Amino acid sequence: MGVNRSDDDGDDELESLFETKKARGIFIYRVFAVSLFVAICFVYAYRFNQILTGEGTTRWTWLGLVAAELWFGLYWVLGQAFRWNLVFRNTFKNKLSQRYEESKLPEVDMFVCTADPDIEPPIMVINTVLSLMAYDYPSHKLSVYLSDDAASDLTFYALLEASLFAKHWLPFCKRFKLEQPSPAAYFHNHTLLTSSPPNAHEFKNIKKLYHDMKKRIEDQTKLGRISREERSKHSEFSQWDSYSSRRDHDTILQIILHKKDPLSSKDEDGNYLPTLVYLAREKRPQHRHNFKAGAMNSLLRVSSVISNAKIVLNVDCDMYSNSSESVRDALCFLMDEEKGHEIGFVQFPQKFDNIIKHDIYGSTLLSLIDVEMSGADGYDGPLYIGTCCFHRRDALSGMKFSVGYKNDLLKSDDQRDNSIEVNLQELEVKSKALASCTYEENTLWGKEMGVIYGSLVEDVMTGLCIHLKGWKSVYYSPPRKAFYGVAPTTLLQALVQHKRWAEGELQILLSKNSPAFYGHGRINLALQMGYSYFNCWAITSLSKLYYSIIPSLYLLRGIPLFPKMSSLWFIPFAYVIVGESVHCLLEFVLFGGTIQGWWNDLRMVLYKGTSSYLFALIDNISKLFGLPDSPFTVTAKTMEEDVSERYEKQVMEFGADSPLFTVLATLALLNLFCLLGILKELVIGEDWFGTCEKMSLQILLCGFLVLINIPIYQGLFLRKDKGRLPSSLAIKSTTLALSTCIVFYMLKE
Ligand SMILES: O=c1ccn([C@@H]2O[C@H](COP(=O)(O)OP(=O)(O)O[C@H]3O[C@H](CO)[C@@H](O)[C@H](O)[C@H]3O)[C@@H](O)[C@H]2O)c(=O)[nH]1
Ligand SMILES: [Mn+2]
């Protein structure tokens, strides 16, 4: 979909720092959506007519079918909110520079969260940190905070190393105007990335420094602890003396680089480096730590004492910055004189650099990241998705927006620098207290202030609360991707991640901030619908399951559940199926996907829908009965070699015995048996044409489910590698599917 200028920026009197363009072709989409809606109504009319004429099958089957279809329809309507009004943004960084250069630019605090050095390797984490430190922005106005929920001395060691390497890396980035500020990514692909490349000698030098550092870190990582020799070099390691486990330790806080320590905080050219802080908040087994949300709130408090920038960038430890300009891009929105003061946060897309060509696990999240977020932007309400997001500290801290709110970013203030005489040790002691695990008791933290607790998608919950308090948000997808992260690379990881998301989304629907209920009158209707659309992921599992089981089973009994081909009622069904498929395919391809990628994505929509979402629903329900909360399962960012090989070859990775797979395999087999059953019927039966005519839609649905499940059949029966489905699972699911089919068939008589 292309774009053209809208007129809502007026006549440019105020020389806005950004512009908003409506998607081209949106009118065509709306006409299509209306026509699809009409077709859906006809489907309902058909079902209604069935009651009147007394046609149809057993009452329960029929009721289930109607319920599923009603839900599909309603859910589709909710989804339209974020497709109705797509907009795209554009920034004018030149204007920003002309108006606010250097002394007037605000400070920015940047938060990186990590939680486990085994699956989030320290070298990856510090690449993220370095990429943020190297923004094309006055370095002394930047502060980077690393929160380490594992309190790992390895990660700390890596960060110390990074602070030394930064002294060479930042000047190198500035000298050669690198657009790519992550060293790992730069050395991987350096030729493409700058207009004024360094000469061979300079390049070799910096590369050697990086590789030496990498080797030192990896040596320690292999050792599993910090060697005595390295430990003796840095007194800071004494903070680990009282450490007993990840879940039981004091606050460990170290200001590694700070202007107040001029000797060690300047780069090789004599310029100040960004402030750099390591934080492992206090953890005790008897205190909830609230996962990443808790980490973020500790960071918010600690940073408020150390640098207290008015803008806060949050990234996951795997999301390195891929563009040196993102801070300035974000400022074009937040500092816009006319509209900036209303904007609570600027969200950039999450992009992934480990996705293979046809994206077998649908990790690009194309419809979410590229379409629905832009749709949400049309209503000034893109969601906060946890990473790659610039927040206004006021909004994130829980302040309500009011019409009189003054954009304090516009006041020039270079004030804090020399005014207060700070002693770094005092600063550390003071901020440590803010990261204690009892600090939040009887406060509004996590309820009204900071990142909000109570959902496994604390990010969406927090963004929602910011919207509920009257702030707007912006989605900005720059031509050069702003951030790259690591997407799940096995089916199980992807499904577990989606289970966490779906569970968290449903928690939001059921929370006191529920967009569907509490949101009424507080956020606009489209946002209410769009948020609810995401919140209801888990619920969609029921209708998806119903549709992928019941119609196929009825094939075995030869009972049609849909109109036959010669009936006029066939038309609306066909229109909905063809229309929606073509629309999805077009959308996918127009936004940069491939046809095979679309097919893979469709498979993942089905897999997520029938397994992740189902378990998310079950877990939510069992919580109502007092069972414990699900934990935040951190996604692995590394792969074993054979897994990686299969990933490159686009072979689906199972390899484990998980209930998620049992559900998928059973469904796949059930549909296979049903299809075989009807094929047999067609071959030996007398009236094959009549059967086809009568059962066409059911055969089509079942055939589609079989085709899309081919990787599962291969994983169950044909593959020999370690990534196949375990035989125990094959036996379990075959027995389940076969007995269901047999029982269902026998009950016919
Ligand atoms: O107890 C924890 C658990 C996780 N994390 C960090 O949270 C981030 C996201 O974790 P990851 O396992 O990569 O989850 P994803 O599903 O990839 O993350 C998405 O979804 C999460 C909500 O489920 C959001 O928090 C993330 O920002 C968003 O990118 C990582 O940096 C972790 O180190 C913590 O700091 N503490
Ligand atoms: Mn992640």
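Cβ atoms are placed via backbone N, Cα and C, with glycine included.
What TrEMBL records for 27-48 (among others) is transmembrane segment.
The transmembrane segment annotation in TrEMBL covers 60-78 (among others).
Annotated transmembrane segment per TrEMBL: 568-599 (among others), in sequence order.
The transmembrane segment annotation in TrEMBL covers 660-679 (among others).
Residues 547-548, 551-552, 555, 577, 599, 602-603, 606, 652, 654, 664-665, 667-669, 671-672, 674-675, 678, 692, 723-725, 729-730, 733-734 of the same chain lie 6 or more positions beyond the ends of the transmembrane segment (699-717) yet place their CB under 8 Å from a CB of it. According to TrEMBL, the feature transmembrane segment maps to 699-717 (among others).
Per TrEMBL, the feature transmembrane segment maps to 729-747 (among others). For the transmembrane segment (729-747), the list of distant contacts is 553, 556-557, 657, 661-662, 665-670, 672-674, 677, 716-717: same-chain residues at least six beyond its ends, Cβ to Cβ under 8 Å.
Distant neighbours of the transmembrane segment (568-599): 1, 32, 35-36, 39-40, 42-43, 46, 49, 357-359, 364, 366-367, 370-371, 562, 696-697, 700, 708; these residues of the same chain sit at least 6 beyond its ends, with a Cβ under 8 Å from one of its Cβ atoms.
Beyond the transmembrane segment (60-78), the same-chain residues lying 6 or more positions past its ends with a Cβ under 8 Å from any Cβ of the stretch are 36-37, 40, 43-44, 47, 50, 529-530, 532-533, 536, 539-540, 542-543, 546-547, 550, 554, 561.
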